[in-house]
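K.L.:
So that we are looking at the same thing, I have put the structure below in structure tokens.
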Amino acid sequence: MYISRLAVDHYRSWESLVVDLQPGINVLYGRNGLGKTNLVEALEVLSTGSSHRVSSSAPLVQRGQHKATVRANVQEDEHTTTYELTIPLRGANRGRINNGSSLYMRDFVGRISCVCFSPDDQHLVAGDPNGRRNFLDQTASQLDPSYYQLKQDVTHLAQQRGALLKQLSHSQEVLGGDSYTDNSQAALSTLEVWTAQFIQQGMKLTERRLQLIRSLQGPIQDIYQQLAGSDQSVHMTYLPSFAEVIDDGVSAQSATRISQHFQRIYAGEVARGQNLIGPQRDDMAFVLNGMEAKGYASNGEEWTLALALRLAQFQLLAQENNHQPILILDDVFAQLDEHRRRQILNFANDQNQVIITVAAATDLPQVDDVHVIDVADIADQHRIAMEEVSL
Ligand SMILES: Nc1ncnc2c1ncn2[C@@H]1O[C@H](COP(=O)(O)OP(=O)(O)OP(=O)(O)O)[C@@H](O)[C@H]1O
């Protein structure tokens, strides 16, 4: 499987652009700020339904526009399939396949499998938990699109609970103590219903993330040893908010214990007007040779861990989905020493399709059979063609 054409309309800095791609290694080459990352990010969003750079869709839409569109032609066994994603400024993204009817994202994500390695990935090890949750969510959605819907449900329930807690907090501030208006009594009953659903769906999400981390453990350990030496050890530890699921799985016992936890923190949640626990606060840690990587690992070790994590993601997706994902290497060569570049290129050489972005000619990979695309050049050609059509 490979992408033969990628087209975007009103996506970030791009008014409109069409890029033809080939199997093997493709290099998108152009100056800083030209929009290379925007292009590969568009592919990531088409594949996973989200971008690792932002948590909402609004920044993906070109300033001043109300929706963005990403289209890709995918070649598989002589067949071409066109995938199209519409990203509105507000509201849910929708997909279409071969100009068919509009699809919910749960029926669309994961159809094109891709793994994106970028300079931001160092933050997967040392940055805030948001990036690590995003990694888990993107990977799990590509393995099983029903995860995408589950994640949406949990996010929605957390938002509903948060709004009710804010309302209760406000009532308490106005009335003081434990006095409640009829409105806040109704909010209290609704909160109980939302909390029960939040626990049920949240436990399922927690278990899916736990399974994913367990599936990545073997590959990341092997790959890290290949990259850094056989005496090295890496352990991924899940730090879930609903930790009860680790011991008792998705069960009545777990639900009861989580419910009791919610009762204990109720006063605190109302006082602060926000959710204090739930999968939206989950995290995971990397333990490198017995020490937590965050805070202890060197810069080079963080990079190697991030790379090992991406390659483990690639291996798992390839194995579970029975085809190789498209590999995106976004501006990583500028950050890596010659040894690491060579390791990545050796890996890239064996894949169906790889898309690399580089800003400097000195970072162009020194390998045979590379399809170099001058992004400024195709942008000019496309603009001239569009102007001729409109004349
Ligand atoms: N929603 C948006 N609307 C319009 N322009 C945007 C939007 N989001 C980002 N941009 C612009 O996109 C440009 C950055 O593009 P991108 O990150 O793809 O560049 P790049 O070619 O990868 O650069 P570098 O080589 O420096 O990484 C910036 O000029 C930014 O202002």
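Every residue, even glycine, has its Cβ placed from backbone N, Cα and C.
TrEMBL lists these features:
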- Gly30, Arg31, Asn32, Gly33, Leu34, Gly35, Lys36, Thr37: ATP binding site (BINDING)
- 2-368: domain 'RecF/RecN/SMC N-terminal' (DOMAIN)
K.L.:
Let's check the environment of Gly33 (ATP binding site): how many other CB atoms sit within 10 Å of its CB?
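P.N.:
Looking across every protein chain shown, the total is 10.
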K.L.:
I need the neighbours of the ATP site defined by Gly30, Arg31, Asn32, Gly33, Leu34, Gly35, Lys36, Thr37. Which other residues of that chain put their C-beta within 8 angstroms of the C-beta centroid, in sequence order?
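P.N.:
Not counting the recorded site residues, we get Thr357, Ala359, Val375.
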K.L.:
For Arg31 (ATP binding site), what residues in its own chain, 6 or more apart in sequence, show a Cβ-Cβ distance under 8 Å?
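P.N.:
In sequence order, Ala359, Ala376 meet the Cβ cut-off.
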K.L.:
I'd like to know which of these binding-site residues, Asn32, Thr37, is least surrounded, judged by other CB atoms within 10 A.
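P.N.:
Comparing Cβ neighbours within 10 Å for the binding-site residues Asn32, Thr37, Asn32 has the fewest.
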K.L.:
Would you mind checking how many other C-beta atoms are within 10 angstroms of the C-beta on Gly30 (ATP binding site)?
P.N.:
19
K.L.:
Same chain only, sequence gap of 6 or more: which residues have a CB within under 8 Å of the CB of Gly35 (ATP binding site)?
P.N.:
Arg12, Ser13, Trp14, Leu17, Val375, Ala379
K.L.:
Among Arg31, Asn32, Gly33, Leu34, Gly35, Lys36, the binding-site residues in the record, which have a C-beta under 6 A from ligand 1?
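P.N.:
Near ligand 1, sequence order: Asn32, Gly33, Leu34, Gly35, Lys36.
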K.L.:
So how many other Cβ atoms are close to Lys36 (ATP binding site), meaning within 10 Å of its Cβ?
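P.N.:
By my count, 23.
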